[in-house]
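Chemist: Sharing a structure below in structure tokens format, with a few things to ask.
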Amino acid sequence: MQCTNHRRSTFWMKCIVEIHCGGPQHLVVRKNESECMILSSACHGDVKCAAILFQLIDVGFFVCFDAFLSLLTIMPTRILIKLWRFLTARQFKRLSAAELCDFGCFLVLACGVILLGQTDISLIYHMIRGQGTIKLYMVYNVLEIIDKLCQSFGGDVFETLFNSAEGLATCSQENMRFWIRRFVSDQALAMAFSILHSFILLAQAITLSTCIVAHNNALFALLVSNNFAEIKSNVFKRFSKDNIHNLAYADSVERFHISAFLLFVLAQNILEAQGPWFESFLFNAFVVFFCEMLIDIIKHSFLAKFNGIKPIEYSEFLEDLCKQTLNMQTEGSKKNLTFVPLAPACVVIRVLTPVYAAHLPYSPLPWRLFWILFLISVTYVMLTSLKVMIGMGLQKHATWYVNRCRKRKHHLHFD
């Protein structure tokens, strides 16, 4: 009996101790004060990494957009100026490396737009729409993997083409035949690569459009499965600083590609949608961008945590990108944002051409030609103005951020 009373008293004493002393803090292992300070600093560092990551991806997006607009505005202007000089002077001079690159890129762009123009988008759309949600997820993931491979390979292909153009522009007469053969072969490779990449991006855009139009929550299933697969493939793995740098730049390019895909969806809705559709489009576009931003934050937060990447290193990534915008030389082998806008440009021109054609008035051929030239001129002026504004904004932001980093390093040096 005495033993039983002792057990009861011990039980009730334990309950009283737990009530008064127990709490959520007992669910975790206690740390000393220095470890708690380190943990608090790490948590604040994750938040700061996310804030700098927002800036880095946004600036990278606008760098890609600026290159895209340069391809559609500056490059045709330089080609027209060169043709005008040739027609007025009536004297052929050897083209410079920059002029060879312009003509080569224009040829790639023209061939890509012509071949994509022969593609039956509605046929591909109905083929993809007939697949189940799981197959849609598999198709989109396969296309995304091929797209990333094309991005990785594309920079090398066009760098080789530009080197061949440099060699052809500066070679002697004895080596002219060799450099012509090399330039032609590199041009053919760049053309084949860009056309393949254009078809991959077009297929991705059609797949995303299929998921958005579907009424069985296919978009949400695609976003959830695709984004969790992206998290799984990146977090809990060891990455070097350069790899994380490249990954942040790849996220900027991916953000631009998604914008091109949503522009494709918008164009298809303008041409084919019946009834009110704009609010639904805005909601779906917001969902897509919100999911991408959320996944990028989660991914880079875990990468920074498990690889010991500090916010100052993401700040260095942004500083390198700003210096690239200002065409400044950086110390050491710094990474550059490599973006080839030819394939997205082919897709955008392909999907916007029917929108322009649908709004042309039914009139005799001379008037139709007049309206075509008028729409092209207005579009060119708008895109050129937008390119100038974005370029000025990037220059001002880059100058401000580089000066800010210099002042911070100066203060740290004297401290």
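Including glycine, each Cβ sits where the backbone N, Cα and C put it.
What TrEMBL says about a protein is an automatic prediction, not a curated fact.
Taken from TrEMBL, the feature transmembrane segment covers 52-74, 95-117, 188-206, 277-295, 337-357, 369-390.
So that I understand the layout, could you describe where these features sit and how close they are to other parts?
Modeler: Remote same-chain residues near the transmembrane segment (52-74) are listed as 105, 109, 248-249, 251-253, 255-256, 259, 293, 296-297, 300, 311, 314-315, 317-318, 321-322, 324-325, 337, 339, 341-342, 344-345, 380, 383-384, 386-387, 390-391, 393-394, 397 (criterion: CB distance under 8 Å, separation of at least six residues from the stretch ends).
Tertiary neighbourhood of the transmembrane segment (95-117): same-chain residues 71, 75-76, 78-79, 82, 161-162, 165-166, 168-170, 183, 187, 190-191, 194-195, 198-199, 202, 342-343, 345-347, 349-350, 353, selected by CB-CB distance under 8 Å and a gap of 6+ residues from either end.
Proximity of distant same-chain residues to the transmembrane segment (277-295), defined by a Cβ-Cβ separation under 8 Å and at least 6 residues beyond the stretch ends, is recorded for 54, 208, 212, 219-220, 223, 227, 230-231, 254-255, 258, 262, 265-266, 269.
Same-chain neighbours of the transmembrane segment (337-357): 60, 63-64, 67-68, 70-72, 105, 108-109, 112-113, 116-117, 119, 150-151, 154-155, 158, 194-195, 197-198, 200-202, 205, 249, 252-253, 256-257, 260, 263-264, 267-268, 270-271, 321, 324, 375, counting only residues six or more beyond its ends whose CB sits under 8 Å from a CB of the stretch.
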Chemist: Determine which residues of the chain contact the transmembrane segment (369-390) at the Cβ level, with the cut-off under 8 Å and only residues 6 or more beyond its ends counted.
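Modeler: Residues 62, 65-66, 69-70, 72-74, 356, 360-361, 363.
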Chemist: Excluding the flanking five residues on each side, which residues at least 6 beyond the ends of the transmembrane segment (188-206) place their CB within less than 8 Å of a CB in that stretch?
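Modeler: Non-local partners: 104, 107-108, 111-112, 115-116, 119, 121, 124-125, 128, 139-140, 143-144, 146-147, 150, 153-154, 157-158, 160-161, 257, 260-261, 264-265, 340, 342-344, 346-347, 350-351.
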